[in-house]
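Novice: Supplied in structure tokens, the structure appears directly below.
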Amino acid sequence: FSSAVFPLSCAVQNYSWGKLGLESEVAKLLASSDPLVQIQPDQPYAELWMGTHPRGDAVIRDNRIPQKTLGQWIADNPACLGAKVKEAFQGTLPFLFKVLSVNTALSIQAHPNKELAAKLHAQFPEHYPDANHKPEMAIALTPFEGLCGFRPVEEIVSFLQSVPELRALIGEVAAEQLERSGSDDPRGVSAALRVCFTRLMKSEKKFFVDQLNMLVKRISQEVAEGKDTSGSNGDLLLRLHSQYPGDIGCFTIYFLNLVRLEPGEAMFLGANEPHAYLQGDCVECMACSDNTVRAGLTPKFIDVLTLCEMLNYTPAPSSSKIFPAVQSQLDPSVYLYDPPVPDFAIMKIEIPASIKLYLVSAVDSASILLVIQGTAVGTSTAAASEMSLCRGSVLFISANESISLHLSSADGMLLFRACCLL
């Protein structure tokens, strides 16, 4: 008998932007799933990686299985991916599933499309380690904030008029070009936006630090006097400046949408979409890649020229960035987040308290199941023995296998499942 459904022990990344100790959803999931784990209160628990990435290949928690990690097991049993997935993605799991707990902002970044990724990887392999694209989707677990995509032009123009320090960095010519660009000419708008954003990002370090300090001083005084600073996006500016003093990324809040997600709401980040997560906890799924082009709010390598060249300069309101979930016709407990890329999809499974036996149905793809709330005993014809599931449990499910959950919690369950629906 060879198991095709088994529990995983997943890698944690302690990046400095993560929430500390048990403030972090990642740490809470970890502590709940493994009582032997010691959570360090002053250590950031930023990301939980559920997948086969070489820097965090999940460990199989079943000593009857000879392979130690999920990556090794899939390499030896590629049929587990499902026939279509195996063929489309050369026998590898096409996605990385994560939980993120964000305390301070992540860098302003975008991910290249496949064509640009191949070119960057060929030219600068030390900064761009592979040739794949990296679309991502985030679903909020707690109220979640991020910057995403260019704001409607009228919002940017309004900031250019009420934030003189921003206008000084961009220059009068570029600012007027954007102010004059009309909604009847989207290409003209995008061109003007590109010029403005590029001028900002390429401004001389000493000049932008001076302007930023003037702006922070002015807004701090206005706050002290009890004035409304929303016309200068004051709250967010002061918050980012306290996290990354003197960083050009602080000015990007005047160009990019602030998107707020409630638990269960999602945003999809396609190729070339500028974004930065600001705070909160989410589950995230992405194509298998490490290609990130950064330009601010970070001490890491930044590549301003590449970023400004590649971005999608299409303005849109922040409401358009919220990606809808579709309730399944077959099973009302399932909500599907199916982005416009083949690499991955996510299902949210909300099992009500009234249901005591629930079938996690088979799909024609390998999948990874994460328990956020509730407890159950799982049984499967493809598992060697029954599996006890609780908050933080992670299961690998081979293609075309199902699991029966015998619920033991009084208030139902909340699960997320990543898979590939070709």
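Cβ atoms are placed via backbone N, Cα and C, with glycine included.
OK, TrEMBL features for this one:
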DOMAIN    5-153  domain 'Phosphomannose isomerase type I catalytic'
BINDING   Q109, H111, E136, H275  Zn(2+) binding site
DOMAIN    169-256  domain 'Phosphomannose isomerase type I helical insertion'
ACT_SITE  R294  active site
DOMAIN    336-376  domain 'Phosphomannose isomerase type I C-terminal'
Novice: Write out, in the order they occur in the sequence, the residues of the chain not among Q109, H111, E136, H275 that have a C-beta within 8 Å of the mean position of the C-beta atoms of the recorded Zn(2+) site.
Specialist: A110, K134, L269, E273, P274, T292
Novice: Would you mind giving the whole-number mean pLDDT across the domain 'Phosphomannose isomerase type I C-terminal' (336-376)?
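Specialist: That stretch averages a pLDDT of 98.
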Novice: Mind giving me a neighbour count for E136 (Zn(2+) binding site)? Other Cβ atoms within 10 Å of its Cβ, every protein chain shown.
Specialist: 24
Novice: Return only the integer: C-alpha distance in Å from the residue listed as 'active site' to Q109 (Zn(2+) binding site).
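Specialist: One finds 4 Å between the Cα atoms of these residues.
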Novice: Measure from the Cβ of Q109 (Zn(2+) binding site) and count the other Cβ atoms within 10 Å, all protein chains considered.
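Specialist: Other Cβ atoms found within 10 Å: 25.
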Novice: For the recorded positions H111, R294, which one has its C-beta crowded by the most other C-beta atoms within 10 angstroms?
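Specialist: Within the set of recorded positions, the most crowded position is H111.
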Novice: For the domain 'Phosphomannose isomerase type I catalytic' (5-153), DSSP counts of helix, strand and coil?
Specialist: 40 helix, 43 strand, 66 coil
Novice: So if I measure Cβ to Cβ from H275 (Zn(2+) binding site) and keep only same-chain residues at least 6 apart in sequence, which ones fall under 8 Å?
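Specialist: Listed in sequence order, they are I108, Q109, A110, G146, L147, C148, G149, L256, L269.
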